[in-house]
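Take a look at the structure below.
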Amino acid sequence: MSESNSTGILPPAAQVPLAFLMSSFAFAIMVGNAVVILAFVVDRNLRHRSNYFFLNLAISDFLVGLISIPLYIPHVLFNWNFGSGICMFWLITDYLLCTASVYNIVLISYDRYQSVSNAVSYRAQHTGIMKIVAQMVAVWILAFLVNGPMILASDSWKNSTNTKDCEPGFVTEWYILTITMLLEFLLPVISVAYFNVQIYWSLWKRRALSRCPSHAGFSTTSSSASGHLHRAGVACRTSNPGLKESAASRHSESPRRKSSILVSLRTHMNSSITAFKVGSFWRSESAALRQREYAELLRGRKLARSLAILLSAFAICWAPYCLFTIVLSTYPRTERPKSVWYSIAFWLQWFNSFVNPFLYPLCHRRFQKAFWKILCVTKQPALSQNQSVSS
């Protein structure tokens, strides 16, 4: 995004600490997102459809720390004049990266919504890598179309006498800014909030269904059925009059009669054993079903909680800047008031690129395992070297 060079030339006592803080902030953004990218490269188990979208988010946020902030530091602190070419490159790149980060959050939220609300169809889909890459590329194309053409077209609207400020030509056109803020902030917030509400609603319905007697009656019915079969087998085995008579007159029966008695006894014993096995199978299946449902509910709650945190961080980091930008656009370019709060709101957007890796990827167990795997790989050469020295 853009902020006019309103600070002027600061004294050296303030320039050096601020430059150090800004550079450290950019470096922290790069490190946090680089860990996510490296984890995706190292661990093949992370190459799942939803994790590709986290990779896309990490790439956009990483480039914010690599390009947007480093170019901005000398401009805002040391009054370095970009020049028209570098200024245009910085504006398009910064707007593109920030908007792509926002749209990646929307794509991640939609994917999580599909995995919870339509779990069966989501798992049945075998999305190819080309389709996933197409969705990732579509995010970047849409992000460019939101601001890129307007930045290029409005370059001629700038006042030629003021060449120190690197900002788009439409910053004083409130209606254009309103449309762009609608596309890059308000609609994404509404979309992510909608997906999050739908996830909570789906979890609530699933939980209510699991507590419903008709749903829970499966295990009871199966248990009673197995008990009935078991009792029937025992009754057939103990109350058969033919068996009692055969036992009483076993010395007077022919060998053929004895063999038929043994066959009948063996048949009843097998039926009782079969009934017992069926009852045990039904009970184990019911317990496994309840465990799977409980695991799905826990997974859905975790996803919903992570999306709620992701949405809250995005709204907090972007809302102040959008509000300030629209309000300041109503002033003429040369009469806009200078405000420290606007500078803070401006940096909050980039702060969102810093917190994104810690909101979901680095808190996910698979990403954590991949992170420790990276550390083990880096420590392994040093360990082998120490062993060779000791030997």
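The backbone N, Cα and C atoms fix where each Cβ goes, glycine too.
Worth saying up front: this structure is predicted, and the values here are computed from it rather than measured.
Features as listed in Swiss-Prot:
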type     : residues     : note
CARBOHYD : ASN5         : N-linked glycosylation site
TRANSMEM : 20-40        : transmembrane segment
TRANSMEM : 53-73        : transmembrane segment
DISULFID : CYS87-CYS166 : disulfide bond
TRANSMEM : 88-108       : transmembrane segment
TRANSMEM : 132-152      : transmembrane segment
CARBOHYD : ASN159       : N-linked glycosylation site
TRANSMEM : 175-195      : transmembrane segment
REGION   : 238-258      : region 'Disordered'
TRANSMEM : 307-327      : transmembrane segment
TRANSMEM : 344-364      : transmembrane segment
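Spatially, the transmembrane segment (307-327) is not adjacent to the transmembrane segment (53-73); fewer than three Cβ-Cβ distances between them are under 8 Å for residues at least 6 apart in sequence. Residue density at CYS166 (disulfide bond): 25 other Cβ atoms are found within 10 A of its Cβ, drawing on all protein chains shown. Across 53-73, 88-108, 132-152, the stretch most heavily in contact with the transmembrane segment (175-195), judged by Cβ pairs under 8 Å, is 88-108. The list of residues near the transmembrane segment (20-40) in space but at least 6 beyond its ends in sequence, with Cβ under 8 angstroms from a Cβ of it, reads 46-47, 51, 54-55, 58-59, 61-62, 64-66, 69-70, 73, 77, 350, 353-354, 356-358, 361-362, 367, 370-371, 373-374.
With a 10 A radius on its CB, CYS87 (disulfide bond) counts 21 other CB atoms from all the protein chains. Only residues 6 or more beyond the boundaries of the transmembrane segment (132-152), in the same chain, are considered here, and those with a CB under 8 A from a CB of the stretch are 49, 52-53, 56, 88, 91-92, 95-97, 99-100, 102-104, 107, 168-170, 176, 180, 183-184.
In the three-state DSSP reading, CYS87 (disulfide bond) counts as helix.
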